[in-house]
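Engineer: If you scroll down you'll find the structure; I have some questions about it.
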């Protein structure tokens with residue numbers, strides 16, 4: 001079995017990438033260090049090696065491109081014609097020929113320049129010859145860049161072609177567009193061909209596989225064909241023509257008898273007669289599709305006559321003894337892919353017809369005699385006239401009968417679901433398979449146990465009635481509460497009470513407004529000292545009047561408030577003499593205000609920054625003048641270094657992340673972990 005796998009063809013680089021690949025490899029794989037002090041023979045050998053290595057790499061790359069692409073004369077005619085339809089084999093051969101010519105030119109250039117390098121008399125002369133040789137090779141590659149790009153496009157397209165074996169058992173589906181070919185292949189195989197209600201949905205060949213009698217069959221879905229001259233057909237139609245012409249397969253010609261595809265039966269019959277030359281020596285079956293829309297018996301006389309003519313042509317392809325038609329069964333079949341009526345019958349008929357033809361062809365070949373000599377078919381002969389029927393024990397027969405009866409009686413859950421209302425209505429019972437002493441117990445309600453008690457024992461059967469009574473009682477109470485709540489409208493009050501009510505409401509609204517203002521500005525309002533409180537809202541006299549109005553004695557509260565204010569104004573804190581010495585004991589004995597303020601400032605222990613000239617203990621200076629002089633000398637010493645912008649010990653250090661001695665030059669053989 002020949003398999004053509006075009007997906008294994010490697011990627012074809014374009015001209016620029018190919019040059020970069022080869023020159024980079026030459027630089028990495030050949031020596032790079034040379035000195036003019038070397039012997040002239042060593043210099044010649046150094047540059048000759050580079051030229052030869054570059055030529056070898058170009059030769060390997062271009063040879064791989066030429067060898068991996070298939071030669072149209074050596075592959076199966078089906079693939080040869082298919083590639084010709086898709087890419088035009090003249091352009092294909094021309095591109096491969098240009099690559100082959102470039103390979104030969106590069107070999108000739110390398111040969112000529114190696115000969116010249118043998119007579120190089122200096123380092124400069126050898127290097128110039130090497131540069132010229134590599135430059136001419138790269139020029140040749142640049143000239144074939146369009147051919148390499150064309151071959152890369154062909155490679156990508158060929159990788160997407162289906163893997164079709166031209167020699168295996170094949171079923172080929174053909175016909176007008178939109179007659180149901182893709183729907184049929186989706187039904188009988190695992191292929192997933194796009195199906196749409198418009199013409200030319202299928203634009204290339206699609207392959208699926210099916211089994212019949214333990215044999216694998218290849219099913220090919222072809223694009224639709226239109227009835228027009230051969231020269232006017234496009235690439236999509238030519239793919240179908242190529243498959244019909246070169247594949248030894250069973251042909252299924254699909255016929256849409258309903259006319260919903262947009263083409264009449266007369267047009268489909270004309271297409272059949274125009275391509276019937278491609279059906280010679282192949283099993284042919286006429287398939288009348290879409291019988292759910294139009295049955296075959298309901299056709300008009302003219303259309304039925306056209307169908308019968310196509311059937312007569314298909315009968316000629318039936319191989320019988322002596323080349324005569326054997327029978328007319330399996331030549332004209334009807335089916336509906338939508339309702340799946342007759343789909344399997346069409347598949348079986350096609351497989352059977354193809355299998356019979358292949359067997360008959362093999363029987364007529366010369367190889368059959370060699371195969372028959374290897375087989376010996378033993379036919380047992382009866383030794384007497386006595387009949388010996390098979391003996392089956394009675395127990396086995398009874399067991400089989402019992403099993404058959406159980407299968408007939410037992411209904412599946414699906415059948416029960418359909419009988420009882422279908423999905424969403426029927427609920428399967430999980431209790432019917434319980435194994436209990438009495439089958440009547442299966443549907444009993446199982447008790448719910450909580451903390452060792454049965455919940456059913458604590459359920460009041462009259463709970464719903466009692467709940468209704470409670471709700472009625474609650475409604476009555478809510479109605480009574482609503483009657484009790486009333487707003488004082490002032491109709492039942494006297495004139496004095498009305499005036500008091502008005503004052504109360506006014507006072508209440510005023511308090512609410514004050515509270516809202518105070519609440520809204522509490523965070524942003526600054527604390528005002530009492531001496532700036534012009535309204536005198538918070539005074540001891542007012543507090544006394546309010547307390548007296550409440551019936552309380554305000555004398556103690558007023559005395560306490562006055563004593564606190566006096567202590568804040570003029571009273572001094574007395575400090576113990578033992579705490580901070582004589583310097584801090586000036587609170588009570590200093591009558592001068594300036595001394596009092598200074599003593600207060602001295603008593604506060606807050607940190608102050610020291611001036612630079614002040615000498616701290618332990619610095620080693622005699623006085624502040626010596627310290628100022630030392631600071632000036634230090635600044636003067638670094639002035640010259642700062643002008644030169646040289647790095648000092650206090651400068652920020654940015655180390656070199658890639659030291660040049662580790663990252664420059666050609667890497668030698670060995671480990672490169674430290675790089």
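Cβ coordinates are placed from backbone N, Cα and C, and glycine is handled just like the others.
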Engineer: Tell me which of 395-422, 423-450, 451-478 corresponds to the coiled coil entry in TrEMBL.
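Structural biologist: The listed stretch tagged coiled coil in TrEMBL is 395-422.
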Engineer: Along the coiled coil (395-422), what average pLDDT does this model show?
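Structural biologist: Averaged over the coiled coil (395-422), the predicted model reaches a pLDDT of 84.
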Engineer: The compositional bias 'Basic residues' (629-644): which same-chain residues, six or more beyond its ends, come within Cβ distance under 8 Å?
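Structural biologist: For the compositional bias 'Basic residues' (629-644), the list is 612, 621.
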Engineer: From the DSSP assignment alone, can you count helix, strand and coil residues within the compositional bias 'Basic residues' (629-644)?
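Structural biologist: Tallied per class, the compositional bias 'Basic residues' (629-644) gives 15 helix, 0 strand, 1 coil.
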